[in-house]
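Colleague: Take this structure first; my questions come after.
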């Protein structure tokens, strides 16, 4: 009898654009793991039913992307500390006892990518633009790297304040209104999706210190709108979120399979795939 191949998937809506099947197929090949990984479009409001069916049918684990990360948080029967702090889940795994554990690997993916680029996080002055789920998922992993300060700014200031209050117990976090942020930072992270529509956050260009790094969580063929602007205004280095995508995927793969794939080679392949489209 042929042993059943372990099944994994990514759930989202829309999901056609997802790079996750490409990434995990390469991870499996690289680590000699026998598995399948598919993209599944769940109806809005129907994620929990879709996830239940997936696991009941033998699914081993899945990634979760927009708009279902909060639903996945509710669905999990157990949560890791980083998932609890993020208030959202991007990785689910079925344990041997049948429980479903929820994790959030986004922050680990971001930190891995920054370190891969030799960005020094310890002692850095970090600015995060945006206070939504994407920002919330990365604050604790960034604070674990011991920056001098982490400032959150957002169009709706009260949201930035809420996040600063939530995470202040873990390190030096403050919230600042967008129109008064004018000091220099070493690392400026855009967690908003503004670049997707070619827009810029309403922030002063004076935030870029000498030798500063700009990081946009969005990605595309060339420089994102935000990174183009950052380079024009003094950022010495600019990176997009493709490496974070591969990093969070590697962390998910590690949770599922107990093996950490090499992200660097896969990122090269993915970049080539993206540029060729």
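Positions of Cβ are set from backbone N, Cα and C atoms, glycine also.
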Colleague: Looking at the shikimate binding annotation from Swiss-Prot, with 18, 19, 20, 65, 90, 106 already listed, which candidate in 219, 239 is the matching residue?
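Modeller: Answer, per Swiss-Prot (shikimate site with 18, 19, 20, 65, 90, 106), from 219, 239: 219.
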Colleague: For the binding-site residues 20, 65, 90, 158, which one has its C-beta crowded by the most other C-beta atoms within 10 angstroms?
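Modeller: Going through 20, 65, 90, 158 one by one, the largest Cβ count within 10 Å is at 90.
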Colleague: Write out the long-range same-chain contacts of residue 81 (NADP(+) binding site), meaning residues 6 or more apart in sequence whose Cβ is under 8 Å from its Cβ.
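Modeller: Listed in sequence order: nothing, so none.
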Colleague: In whole Å, note down how far the CA of residue 217 (NADP(+) binding site) lies from the CA of residue 65 (shikimate binding site).
Modeller: 14
Colleague: Out of 18, 154, 156, which of these binding-site residues shows the lowest number of other CB atoms within 10 Å of its CB?
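Modeller: If we count Cβ atoms within 10 Å for the binding-site residues 18, 154, 156, the smallest count is at 156.
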Colleague: Hey, of 69, 133, 158, which of those recorded positions are within 10 Å of residue 90 (shikimate binding site), Cα to Cα?
Modeller: 69
Colleague: Would you mind pulling the longest C-alpha to C-alpha span across 81, 130, 131, 132, 133, 134, 154, 155, 156, 157, 158, 159, 217, 241, which the record has binding NADP(+), in angstrom?
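Modeller: Greatest Cα-Cα span of the listed binding residues: 28 Å.
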